[in-house]
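Annotated region 'Carboxyphosphate synthetic domain' per Swiss-Prot: 1-401, in sequence order. Taken from Swiss-Prot, the feature ATP 1 binding site applies to 129, 169, 175, 176, 208, 210, 215, 241, 242, 243, 284, 298, supported by sequence analysis. Look at Swiss-Prot and you will find 284, 298 tagged as Mg(2+) 1 binding site, backed by sequence analysis. If you look up Swiss-Prot, you'll see 298, 300 marked as Mg(2+) 2 binding site, on the strength of sequence analysis. Summarising the annotation, Swiss-Prot assigns Mn(2+) 2 binding site to 298, 300 and lists sequence analysis as the type of evidence. Per Swiss-Prot, region 'Oligomerization domain' is recorded for 402-546. The region 'Carbamoyl phosphate synthetic domain' annotation in Swiss-Prot covers 547-929. As annotated by Swiss-Prot, domain 'ATP-grasp 2' applies to 671-861. Taken from Swiss-Prot, the feature ATP 2 binding site applies to 707, 746, 748, 752, 777, 778, 779, 780, 820, 832. Taken from Swiss-Prot, the feature Mn(2+) 3 binding site applies to 820, 832. Per Swiss-Prot, the feature Mg(2+) 4 binding site maps to 832, 834; the stated evidence is sequence analysis. What Swiss-Prot records for 930-1064 is region 'Allosteric domain'.
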């Protein structure tokens, strides 16, 4: 059926800020969909609240709104734009839930807006547990024994009937939010109570546990003519019980017999036909390893994380095809853009193995609960392609950037037998390393299979890796064995370790023996048809399919997996860098390992190499392509860390030179540069051991800010107030970066602001200054940022501009740099300089309309600001106010403290823009899902040093009409100052929560919590109590404030929205 001509304007809803369970894959899907619809001649209107995305660039849709995805704002936009249709299946759960709300409130009907793609009734059938159960029963597809509970008591009755263990799945939530596996009634009570609160329809599915079954996924497509295909099937390394987003996944499936494959394929197609899905859909199934019994786990009736992985694994662009199906086109009339010959009806065939491994945030959250279950915890993922399981798995392991280059980890090597067994049985993020170590220790794989329920086929592959290791140890420099090791994914570093030589020596011997990788094309058809996709992976075979062109080439290094501190913002900068290179007529080559992002869409760059971002893997591509040089500025710390080794190997680093990157990153060199430039910084020193750190802190004076050098996202950074805490830190956290010293700085609690600057070597452009709402001490990535600044005097602004110019020129910056300042007692100090693109680039690019990454790339390639029409200095400020707000994923991370400090904790960001600060703040809070009720109770439990400041806020809350609740000390202080306060009991370290503030939060008697810990390391009881209070507020979805500056901001909003009532 040809595309529809009765609709002209289509609105797409994006997925909002990045949280665990809903990450960059939706930027990739949304970008693809917008471009596909524009390609077919439709006018596209986009609504998304996340500025850090390519999707929200002006050129992706015809009209872009960066506004909160709430009923209030989306309705307003619908009324203003009057689109003919709405496409909701590309914005993750956020987009789907919004469409449901718009439909149920009658707005779509009122405005005569049609929903495209999968019908709402089908979405309801797939998402509503009861309706889905009825559907599966009607088509004879087996589900787990289950029932729906709307109360805790109902859940207990159902569990008693089915028998423990039980799986709890809240309805209409994403990434397994609020769910879990329960072995006891006590666990069930706790998980169901939380799950009911998080489910928008107050429903939980209580189902039998099939933990231990194989988990298989099918990515399927269907059109309105009922044509349906399987794009890709995938198999989880971990059995059922671990969320698929956290599991290691292989594509295509590896252990299924042909009968099993066909049986599950038929079931997936049966379901998609019955649901009448139009577009992409993900079906998850569980297969009993000992019989042909299977269960349908769930269906995602939309583009998902798995579809992004399937798209990159096969080269088949699922989101693009889904968008075309939504406008009435059928699979047999859409051309496959990979081959440009076959149609979209043609099922992809793979002649390689793809491995995906999740990237977890536990390097930042050492106290986080690492146990993996049905609730997702990964922030990102990596993908690797190889000709066998061993190769793809080991390439994926070294793509993770967790300090390992092989499937071995120091902690696992040092573990005793008891710990090995415990870590194998427990499903944790690092289980692969302990299972591998157990095999090295000689534990039979049959025993491991029995303990872990991991298929013996996968364990046999790990055993094969161990056998190659053992052969390498005793056959040093043997060329045939070296070739075998490389074919199975071994890195030069691992071989060097086994041979006790340097990686350079291994590389030299490889090249001498002509053991070099070839690059194979990802073509969707296992080379059956000729394909022209410039999408490659390395392997050690004969024929090289990546042909070098005659054009001048630039290699751009991506930023690898998404993690806290290095998010989608860096991918945004990478994509814009590529566009600028292409505009200058050069060939842009991207190297990256992240399947979720726009930069790894093969249609973006001239060539894409899906490879780990390690020296060896990058160098192999450079050897083949012989580029003019490499750009490292846009790939975050990942790319910056490769600058030095690449430069030493004779590779030209374009833009700011390696010695100048070093001057910004190395403490002593940076201090000298600041002295030479006459720019003040907070007093500080470096220390290489505990005694040196104590001596330095005593000299500088407490409080001090302490951190390792060369880190991103404030890793292992703390504010320390006394010697005892400092010694504790040095013993606990200093291993964060062993090769580099620890930095000890005077902690100035002033106003913080930051600047992104672009320099051509002579002139410096400052697109804007961002002012942070939270004072120094809260990581810049976790601070709310306001542009243009609202509280800086002209003298301070002039000083910031002057220091920025001096630094950019003094550090020989070519391209981009980011500088963070603190203003303390009217004096401007430089805290740090990052000689690269920072996480604020997308936000500032959007609000100033200056394409910063593209401009910086033009500088790197030799152009200058003046010729491009830009004046040096601070760019003119617009008349709107823009606020960037951090977004956190604490609901997914049990035992992670939400108290904000110098270590970054946010996973994403949202933006609010309006004509006044108050309105922009309101939008940013709404977009970040920090919604304050118009009235209710606010609970204060604050540190002694914060009580004076809290008094003014308490008065303001009372004035608006809020009731005040506080713990004893805070309550007494507020009462003394004439306020009416209801006093609640502290926990005092006890287990009994009855009558305490925690019970108040749990029972919904409190609408907001203000909890500060002050600057001294609190006593264990106070610290534990504070942690439990914060956890309770987060799990109940109650706004929590751990910084008084954020409280001041939200009060500004509430005051601007409330009327004053005074008697005459």
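Cβ atoms are placed via backbone N, Cα and C, with glycine included.
Each of the binding-site residues 242, 748 was scored by how many other Cβ atoms lie within 10 Å of its Cβ, and the smallest score goes to 748. Taken residue by residue with DSSP, residue 129 (ATP 1 binding site) is part of a helix.
Residue 707 (ATP 2 binding site) sits 12 Å from residue 832 (Mn(2+) 3 binding site), taking the CA atoms of both as reference points. Residue density at residue 284 (ATP 1 binding site): 20 other Cβ atoms are found within 10 A of its Cβ, drawing on all protein chains shown. Taken as a whole, the region 'Allosteric domain' (930-1064) shows an average pLDDT of 85 in this prediction. In the three-state DSSP classification, residue 242 (ATP 1 binding site) falls within coil. Among the binding-site residues 300, 820, 834, the residue whose Cβ has the fewest other Cβ atoms within 10 Å is 820.
If you draw a 10 Å sphere around the CB of residue 707 (ATP 2 binding site), it holds 23 other CB atoms from the protein chains shown.
Per-class residue totals from DSSP over the region 'Allosteric domain' (930-1064), listed helix then strand then coil: 62 helix, 22 strand, 51 coil. Listed in sequence order, the binding-site residues from 215, 242, 284, 300, 832, 834 having a Cα within 10 Å of the Cα of residue 820 (ATP 2 binding site) are 832, 834. The maximal spread of the ATP 2 binding site, taken as the longest Cα to Cα distance among 707, 746, 748, 752, 777, 778, 779, 780, 820, 832, is 18 Å. A Cα-Cα distance of 8 Å separates residue 300 (Mg(2+) 2 binding site) from residue 284 (ATP 1 binding site). In the structure as shown, the Cβ atom of residue 298 (Mg(2+) 1 binding site) sits within 10 Å of 16 other Cβ atoms. Residue 834 (Mg(2+) 4 binding site) falls within a strand when secondary structure is assigned with DSSP. Look at the region 'Oligomerization domain' (402-546): DSSP puts its residues at 77 helix, 11 strand, 57 coil. Each residue contributes its Cα atom, and for residue 284 (ATP 1 binding site) and residue 748 (ATP 2 binding site) those atoms are 52 Å apart. If you draw a 10 Å sphere around the CB of residue 779 (ATP 2 binding site), it holds 23 other CB atoms from the protein chains shown. For residue 777 (ATP 2 binding site), the count of additional Cβ atoms within 10 Å of its Cβ stands at 21 [all protein chains shown]. Here the CA atom of residue 779 (ATP 2 binding site) lies 39 Å from the CA atom of residue 215 (ATP 1 binding site).
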